[in-house]
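> Sharing a structure with you now.
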Amino acid sequence: MKNLINQKILNQDKKIILWGVILMTIVFLFLTNMYQMIQYKNYGTNSEEVIKQYFSLAPFKSCILYLTYGFLTCFILRDMDILVSSIEEEKYNLKEVFFTKVSTLIGITSTSIIIVFLFKLIVYMAKRQDFQSLGINGYNIFIFFLLTLAISIVSCGGIFLSFVLVKNKILAIIFVPCIEYCLFLFFGLFKMLLSNYLWPLKWVLDMIGSIMVDYFALSLTFDWRIELQPFSNQIISAFLLFIAGILLFWVDYLIFGKLKSEKIKNLFYFSWTVKIVFLMMAFIGSFSLLVILDLLVLVLSPHSFNNMNLLLNIVVIITSVVFYRLQLKRCYLKDKE
């Protein structure tokens, strides 16, 4: 393990580690309603209400947590340009740089989660009878800790991936959420705007969307929580999340190893990242255009909507493809200059 952790790099991050643990602990305490848990005597009428309030994270709060990880990663990878150059000059090796930075990120996250877990355990022990009367026991706190840790590792893997693809810190933080947003639009809302004449495409999107989008949409609508599912589902979910986190960090390592000092100067470190960004821009633009045009048709000529919608679908698809190709060509010519 000593060969994977560079003490010099770690020492440079000491202040970030300290303040990171403090910040993340405060964020976790706030998001899990720790103050209310300590103050209130009436914990609700049933275990589901208590678990939602104190032993799980709502989807919206998970998004806040992800953004917090993003800002934390900004400071951890603040010297990435120097480190990449140092790897090329063989001052450091790839493994020790990568694993030191990843260990810092996961260490801050894990420590703050453990602190919050201990806080909740202390409050639970102090008011055990009240919690047990509602069917809450130590198992619920442990599952909360396990799932929060698993979700955090996946989030850290995703945010780290963004930072080894994109130079701009703000853009890196929103990069993965933007991809998820485009997938939600494409497999969710976009299929609703497709003409009935394009039923084969609509059917394919509906099949994929039922797996990728509907599950997510239902969880938001009905405030679905893993912590409220049967024991077997909770364990399987935690296991799959840990596996997903490990795979993400493996991908991070492979991409981080391909970074070169000349690539670090660009806004996007790889050409295929640029293609993804232009693809997202083309799709969001075409989707917005289709919504506006469909609304105009509904207002001006509602009786001919089906036929006009087919024409609009074709025009918008062609326009988005042309826009995508032109942007790629423009980017290629700029690089050539």
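Positions of Cβ are set from backbone N, Cα and C atoms, glycine also.
In case it helps, TrEMBL gives these features for our protein:
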- 16-35: transmembrane segment (TRANSMEM)
- 55-78: transmembrane segment (TRANSMEM)
- 98-119: transmembrane segment (TRANSMEM)
- 139-164: transmembrane segment (TRANSMEM)
- 170-191: transmembrane segment (TRANSMEM)
- 234-255: transmembrane segment (TRANSMEM)
- 276-301: transmembrane segment (TRANSMEM)
- 307-326: transmembrane segment (TRANSMEM)
> Out of 16-35, 139-164, 170-191, 307-326, what stretch is closest in contact terms to the transmembrane segment (276-301), meaning most Cβ pairs under 8 angstroms?
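Stretch with the highest Cβ contact count: 307-326.
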> I'm a bit unsure how to read this: which one of 16-35, 55-78, 98-119, 307-326 has the highest number of Cβ pairs shorter than 8 Å with the transmembrane segment (170-191)?
55-78
> By a Cβ-Cβ criterion of under 8 Å, what residues six or more beyond either terminus of the transmembrane segment (139-164) are in contact with it?
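Contacts with the transmembrane segment (139-164): 28, 47, 51, 55-57, 62, 65-66, 69-70, 73-74, 77, 80, 102, 105-106, 109-110, 113-114, 117, 120-121, 124, 172-173, 175-176, 226-227, 234, 237-238, 241-242, 244-249, 251-252, 255-256, 259, 269.
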> So, taking each listed stretch (16-35, 55-78, 307-326) in turn and counting its Cβ pairs to the transmembrane segment (98-119) that are under 8 angstroms, which one gives the highest count?
16-35
